[in-house]
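Reviewing the structure listed below.
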Amino acid sequence: MQGVCETPGVSEMSSLMNAWSVCRCCECLRCCGRRDPRPRSVWLGHPEKREQRYPRNVINNQKYNFFTFLPGVLFNQFKYFFNLYFLLLACSQFVVEMRLGALYTYWVPLGFVLAVTMIREAAEELRCYMRDKEVNSQIYSKLTARGTVKVKSSNIQVGDLIIVEKNQRVPADMIFLRTSEKNGSCFLRTDQLDGETDWKLRLPVTCTQRLPTASDLLQIRSYVYAEEPNIDIHNFVGTFTREDSDPPVNESLSIENTLWASTVIASGTVVGVVLYTGRELRSVMNTSNPRSKIGLFDLEVNCLTKILFGALVVVSLVMVALQHFAGRWYLQIIRFLLLFSNIIPISLRVNLDMGKIVYSWVIRRDSKIPGTVVRSSTIPEQLGRISYLLTDKTGTLTQNEMVFKRLHLGTVAYGLDSMDEVQSHIFSIYTQQAQDPPAVKGLSLATKVRRSMSSRVHEAVKAIALCHNVTPVYESNGVTDQAEAERHYEDSCRVYQASSPDEVALVQWTESVGLTLVGRDQSSVQLRSPGGHILNFTILQIFPFTYESKRMGIIVRDESTGEITFYMKGADVVMAGIVQYNDWLEEECGNMAREGLRVLVVAKKSLTEEQYQDFEARYVQAKLSVHDRSLKVATVIESLEMEMELLCLTGVEDQLQTDVRPTLETLRNAGIKVWMLTGDKLETATCTAKNAHLVTRTQDIHIFRLVSNTHRPCLKGPRPWDRRAVRSQLFSSRVFLFFCPNFLPQVFISVTAALTQCAAFLFVFCPAGDGGNDVSMIQEADCGVGVEGKAVFSSVFYFASVPLYQGFLIIGYSTIYTMFPVFSLVLDKDVKSEVAMLYPELYKDLLKGRPLSYKTFLIWVLISIYQGSIIMYGALLLFESEFVHIVAISFTSLILTELLMVALTIQTWHWLMIVAELLSLSCYIASLVFLHEFIDVYFIATLSFLWKVTVITLVSCLPLYVLKYLRRRFSPPSYSKLTS
């Protein structure tokens, strides 16, 4: 299933849902008895001056603690009918009138099952605890009045001044105060916070960055006023105040000045002051509490257990009815339910849990997927039931490596094959400036046109070279900022650092055509012309890109001329209303997007000194505002964003992963439907889907767009529930999803439900990634083998509610007599792994869920009734004079039938399967010495016993072997030809 909705992904959705999420967090805090979050004033280096009590800086990802482990595990086990059923059975034996045997016959198997579950849960909790402990025990340097001291992450407090080295995790939410980088900034890796691989540029507080040394932070009297804790990782409102200066210094703080926990410093060494810790961290507030997951397989088993229980109730009622409801008939019903309870085998729960553990272990040790970590051992079988695969576009289907493809000036466009012309224009401009010839009146028309075009190209390239957040870094032999290399701007030592590969691609392109970015810090930019001259520009203001604005801007002053210019670039949807009127922008943006290019619109505006000074005064005032800062700042910036001159369009392309096409083809053949998630423009996402072969040539494309942006929007496009759309791709624009959850929930649900019937859907909603292997499902025998009928005895002996097998026989059947062979089925394979990967169509059989379908379940029930009847009536017909002989014959036949039925279901034998069969048989034979209370030991050593058991076992199993052979002969499974 594949289709497209244009949104900027998780980041924008986080902003859209921020208000609701903050309210939800506040309500949760009140429900838990905690205080409401409040703004705070944090003094630098003085945690003792805190206004309120803050949580410890401890990371805890565990589901349970010491006190909640036992009740939590028990609740998660008994909230499902399968486990609750056995608990009620065991508890019923405390009532004398309901007791059928010794208490241990019910409590020992149940205790064993719970012990296995608790051991598994405890192991996972221990692994989680060790991971948390490793994070909480990381050592950091803290600035104090006594100097630099070492401190554990868990002991960091609000107000501490923490030093974080390059490639070190940020331990708490902090304000960026100082950096060792000469350019006065640093980059963060935020992939563990927001899932984005692009680096983020962060700027320190100007006042503290100017201090001579880091220790001077403790000598000034300053504090940070910060907003209350919330989940918005893309915005921050605060102020920095220094009181001991004259006059006092006030600086506004925004997201650019923050260092959120779980990010990693990518450049230099930084110093920050801690604002939030523990459960008030942005990363923690964006994380839901761990929960116990249950797979589809367990839900199906739980459902079938209910069906079996319903059958037990019916049979019990029939038994009592045949006695004409005589005496205390209601107790008889309960006794019959207890008597027939083994029809639902408790050993199944053990086998399922142990099978999951084995599958998890196999996944971890798979050499084809090295480094795989199984976080939950409760749902590994889900990998065999994947129907929909959600994949991010950028970085998953594509390499997230951008290549500059197109420069469009409106009247002319330059592609990769004509970049030499752009280079020629740039050279001519700087050559002309160097020669500075006097004006000549007799210039030809061709020369004037040439100079006019060169000027347009130059303005566009210069705007691209200046409007970005890229920082050139000079490296030599692995050492950053080599003085000699930086002094001479050596090209071979230069590396570009940026928060987006798009930015790097643009700057690399300007370098290729002759205008090179050679230096940058917080206040200046240096470009090198084709002739080797250094062009200096002063950075007056920077307006960073945000997911709300979808654009970025910069105001610079050319040091050679004194001219002030405002450059801006952004998405066409916002820039169309900012630039001067033109008749080609929308059409060309669409054309470039249909080619799979990411399009940016570049514009500029010249400012006089008076205009800039007026703007700066209003801008600084808006940034110092605590309430509605974002709105006030945006209003001031928008006053400049009018009637800007459109310079050019740029187009960059993200390269596809080398193996994406065969991978998607494999998934399609396996019956897995793919949803592509992206925040790109609709046309770009469509083109990428076609290039990746996510959309085939035989499939149509339907586009859903919003007709009106009123409070009652309607959709334009085909009805998705139309049967004719089943073999089509459905593409949905951004506005559709933005409005539907709020105003048209029923339409949204209807469309989403219809999309599940489509071949593909490119869903531009929120980035996510997932992958799966073709892991073999547990064989149907895991459910069917344990459902051998044993209650036939009651119907023969006058419908008496007394058990045939008592004491250890019941426990042994549920555990050591049958568990090992059934468990060994996890080693079974329909086909070899190599064949499964070569023919992904085989995966479709798993998606149908036939091993646990109602048809399969009914077949096993009928087999159970047949075998139970043969075993019981055979023992009655062949026993001699004593009741104990019935037990010996029937129980031995039952064990042998169980072992043979396991062998019947095996597709590919493994030596451990043979060991399991022999081990179970040996355990039964060895235990006969201790079972003289239930079985006549001398009788089982006679020839009469042996031939009777052999006959009963053959009659119960041989017909099934014949049917299996005939079925394989005349109706072979789909994989049989591949294994022959």
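Easy rule for this one: first residue shown is 1, then count along the chain.
Using N, Cα and C of the backbone, Cβ positions are placed for all residues, glycine too.
TrEMBL does not curate its annotations; it predicts them automatically.
Computed from a predicted structure; not experimentally measured.
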Among ranges 9-28, 329-348, whichever one TrEMBL labels transmembrane segment: 329-348
Contact check, the domain 'P-type ATPase A' (143-280) vs the domain 'P-type ATPase C-terminal' (792-972), 3+ Cβ pairs under 8 Å, seq sep 6+: no
Within-chain partners of the transmembrane segment (883-904) [C-beta distance under 8 Å, separation at least 6 from its ends]: 781, 785, 788, 790, 804-805, 809, 813, 817-818, 821-822, 824-825, 867, 871-872, 874-876, 917, 920-921, 924, 934-936, 939-940, 945, 948-949, 952-953, 956-957, 960-961, 964
Rounded Cα-Cα span from F545 (ATP binding site) to D392 (active site, 4-aspartylphosphate intermediate), Å: 21
Recorded stretch, among 103-123, 329-348, 857-877, maximising Cβ pairs under 8 Å relative to the transmembrane segment (299-323): 329-348
Tally of DSSP helical, extended and coil residues in the domain 'P-type ATPase A' (143-280): 22 helix, 54 strand, 62 coil
Counts by DSSP class (helix H/G/I, strand E/B, coil) across the domain 'P-type ATPase N-terminal' (46-106): 31 helix, 0 strand, 30 coil
